[in-house]
Amino acid sequence: MIPGHSALGGIEDALGQLRTAEADANRRLDDAMRQMAEAKADEAEGYRDLAVFRLKSSDGLGGQLAQLATRVRAVLALRANDRTTLGKRLAASEADIARIAAERQSFATELADAEEKRRAVENEAQVGLAAKSDYAAVRAEAEQAVGVAQASEKKAKLAEDELEAKRKPYEDDALFTYLWSRGYGTQDYQAGNIARLIDGWVARLIRYHDARPNYAMLTEISQRLREHANRSAALAVDAVERVKAMEKGAFVASGGDQATAEIDEHRRRLDALDATRAAAEKDHAAIEAEIDAFGRGEDPRYKEAVALLADALRGADLNRLYQEAVATPSPEDEKIVKGVGAARDQQDRLGDAVKRVRGELAEVSRRRSEISQVASGFRNRRYDADGSYFDNDVIGHLLRGLVNGALTGADYWSRMEQGRRWNQPRSGYPSGDGGSSWGGGAWGGGGSWGGGGSWGGGGGGGGGSWGGGGSSGGSSGGDDGFSTKGGF
């Protein structure tokens, strides 16, 4: 098993390797495109030489082509300067990102040390409490109260379930419901003589005097058990709060508040670094977009050079010059014709190279983007936190798959969870993230001083039966069980 911060370090290293590969592909693409533009300029110069030789004019077509070649080369020189500036900006951005990553790794290590320090404080407080008889008595009282509350809740829930099942035949009988709602057979019943006569006849007809005690007992038992369960729950809450107060006091006396404040400060620094990293990544992406435009030949200077060459080389006079030179070769112009042909062949070869390198660059950029998103998700989910561990084989295999392009980011996340383990020890003191000896154990699902209700969420009617609004008489506090609503 390797800790989460080491796993994140491996991801950052892989990201750096792919950025290096991406920069190399960009450099080769720039070289190929520069050479292709220069080959076009060479072709233009060849036409210039043909024009000078065959037309015997230095200020006509030949002069125009000479000026064109000079302009194109000047534009390409400016473009090279632009690309150099972009490269420097990219290098500075990547150095900034690397610095932030290293600083964050250092802070993550400091956070792990701070959390270990707090666990030592918790253990010290626990040892001190264990030696106090009054703590043992208060805790035993709380455990007993919890046991009574749980047993009472179970009985109340069973009675409510039984009531739901057995009340239906009574309540489906309209005559029985009518007499029950009027309080017939009780001191609350009020009616005139004729109504009493009719109600008595109905009661005898449906044997109401036999059914009413059974229905009354059914509803009364359920109600009384629910009231008892709620009273037991309230007593248990009070007992648990007394235990928690003693535990918190011991924790604070041992330096717990200071240890927690130190952890909170480290986490704030990590959050600030993550925000700085996000801004740096955004700037890096903008620079990469400009470099991608260079690679596609969509930057203004390359477009200018191509437009100049296209306007000049599409003229009919140049085609005529070339065809005449090929048809009537002479020692003087044969060399020029071969030079023009070589420039054209060079453009074809470089065009193929540009396509190949663009495809390679697109694949490397895709993989780099996948790993960059994985690194961001890893940080956002705090998988580098103390206690987060990963299986060596799983994390290594998945990272290799990402780097090689065999896996996508979605594949990585779906499989990575299988190799993740959480070894955070859980103690009896407030840890700021929900850990507690009163939560997650026999009495509930969340920490009693953080995150969730210390008594769990399933009560007698949907929510916590004495918090969350159980349908059969629970209070409507809106919490899950004996919650303290998020801790100290």
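In case you wondered, yes, glycine gets a Cβ from its N, Cα and C as well.
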(request) From the ranges 15-42, 43-70, 155-182, grab the one TrEMBL calls coiled coil. (result) 15-42
(request) Tell me which range among 97-124, 125-152, 293-320 TrEMBL lists as coiled coil. (result) 97-124
(request) Grab the pLDDT values for the coiled coil (256-290) and give me their mean, rounded. (result) 88
